[in-house]
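What follows is a single structure, written as structure tokens, with notes after it.
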Amino acid sequence: MSYQINNPKDEFIMSTMEELVPEDHLVRKIIKYVKFDFIRALTKPYYSDLGRPGYDPVILFKIAILKSLFGIPSIRRTCEEIKVNIAYRYFLGIPFSESTPDHSTYSKAYTTRFYKTDVYEKVFENIIEQVIKAKLLDTTYVFMDSTHVKASANKRQYVSTYVEAEKSIFEAEMLTYINEIREENDEKPLPPTKDNHKEKKKKESKTDKDSGWLSKGEKEHTFAYNAHTVCDHHGFILKQMTKPSNVHDSQMFTPLFEHITERYESIEAMGLDAGYKTGPIIKRIADEQILPLLPYKRTNAKKGTFGNSGFIYDEEENSYTCPNYETLYYQKTTRQGYKEYHSDEDTCKSCPLKKSCLSAKATYKVLRVSIYKPYFEFAEEIKNSPYGKEKYALRKETIERDFGDFKERHGGRYTHYRGLKKVSDHISLAFSCMNMKKMALRLSEFEPKKSTISYLNELCSKISHYFNKKKLFLMISHTLKFQN
């Protein structure tokens with residue numbers, strides 16, 4: 001026989017918000033371990049001392065934090081949830097007797113006060129400072145990668161435009177290194193390249209012009225943004241920069257790397273994916289006495305032909321020996337960053353391995369070796385070592401897990417916002433929420449568990465409190481009846 005409760009809507013209870021929110025709820029842990037008072041100081045310059053007092057900026061930011069923390073699709077939906085969710089009210093500090101803010105209150109405050117500021121970035125930085133003070137950060141091993149967030153734009157609504165092609169961020173650095181090598185070989189230094197103002201074709205969305213066209217594999221083609229991110233050994237996000245998806249990962253390496261190395265001095269190794277496996281990046285990491293952790297990257301050698309690995313280098317003679325034991329001598333270092341070694345034309349004519357070595361039109365072998373070859377070899381040694389295999393495997397437990405949580409639990413698959421600034425603010429706040437959630441959960445694990453005696457004492461106190469309230473309620477009811 002089933003048990004049926006009659007008229008549960010008419011039940012009258014005397015209770016406080018403190019009693020109704022579960023003790024192990026996430027909002028309790030965040031309130032306990034994360035400080036939000038700094039938001040008032042950050043936002044004070046954007047509020048006037050005149051006029052009617054507005055909503056507390058801490059409450060407004062906490063509304064946005066609830067949205068990202070629990071993966072709620074919009075601010076409007078978040079404000080609707082706050083009306084009926086006791087834990088959300090408890091987090092905001094709004095009692096039952098007061099009305100909750102309307103979604104337009106936050107939207108108006110963001111548009112008029114915070115949109116053109118760096119408040120959201122400062123909120124992110126402050127949360128990181130709290131993580132550091134809690135001694136939870138471990139920057140011995142850091143990991144860099146990017147993940148895409150689909151833009152609020154129709155992928156079929158675009159125009160094709162021509163824009164000026166950007167120079168490589170490593171061009172000046174490469175030229176300096178190239179000229180150093182040329183001087184060692186008694187060659188004239190190369191002058192900087194002239195600005196030819198080359199143009200390239202790009203797709204520009206009619207809906208969100210700041211977004212970039214993403215071509216990921218054969219299936220995924222859409223407008224999106226990329227969140228370029230660095231995290232520590234425990235998965236705490238140290239820095240993020242949002243850019244359109246048509247900006248390559250390697251272009252964002254320098255600003256992220258400079259920020260991380262300037263702020264954190266204890267970095268031992270840095271893990272990156274294949275998109276960052278370029279000579280200038282490996283050199284930059286190694287020059288800072290940091291070990292690069294990189295994956296295998298397939299070479300461009302055609303099947304059935306000799307790759308560069310088939311040629312043996314002679315350091316004393318600065319020459320290479322081919323598979324047929326003939327010598328290729330150094331000729332020059334090119335602007336593209338390659339050392340050229342040439343074979344003898346007469347020797348190649350009668351070589352039995354000619355078809356596997358030369359192209360159809362070539363009469364002698366030109367071996368092009370990257371000027372960054374020693375750095376690539378250094379990275380390969382680390383990759384193949386037990387240390388490199390063990391530490392690189394941490395990517396799936398750190399940066400990749402962060403991206404998975406961001407997409408699955410914090411609304412990171414797509415964005416409803418349009419424009420680079422709004423999307424960047426949204427991602428910064430989402431990563432701030434992930435950091436504060438991780439910090440609160442880890443600190444709560446360190447708390448000593450309650451003993452049986454303390455648990456029983458607390459239970460007795462609650463029972464006593466309940467009967468005292470009931471007794472008070474009966475006394476009030478009796479008094480009212482007597483007066484009537």
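Glycine is treated like the rest: Cβ placed from N, Cα and C.
Annotated in TrEMBL:
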- 17-110: domain 'Transposase InsH N-terminal' (DOMAIN)
- 183-214: region 'Disordered' (REGION)
- 183-198: compositional bias 'Basic and acidic residues' (COMPBIAS)
- 205-214: compositional bias 'Basic and acidic residues' (COMPBIAS)
- 321-440: domain 'Transposase DDE' (DOMAIN)
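Secondary structure by DSSP for the compositional bias 'Basic and acidic residues' (183-198): 2 helix, 0 strand, 14 coil. Sorting the compositional bias 'Basic and acidic residues' (205-214) by DSSP state (H, G, I as helix; E, B as strand; all else coil) yields 0 helix, 4 strand, 6 coil. Counting residues per DSSP class in helix, strand and coil order gives 65 helix, 19 strand, 36 coil for the domain 'Transposase DDE' (321-440). Within the domain 'Transposase InsH N-terminal' (17-110), the DSSP-based counts of helix, strand and coil residues read 59 helix, 0 strand, 35 coil. Residues 148, 151-154, 157-165, 171-172, 175, 220-226, 243-247, 318, 330, 332-333, 335, 418-420, 423 of the same chain lie 6 or more positions beyond the ends of the region 'Disordered' (183-214) yet place their CB under 8 Å from a CB of it. The predicted model assigns the domain 'Transposase InsH N-terminal' (17-110) a mean pLDDT of 93.
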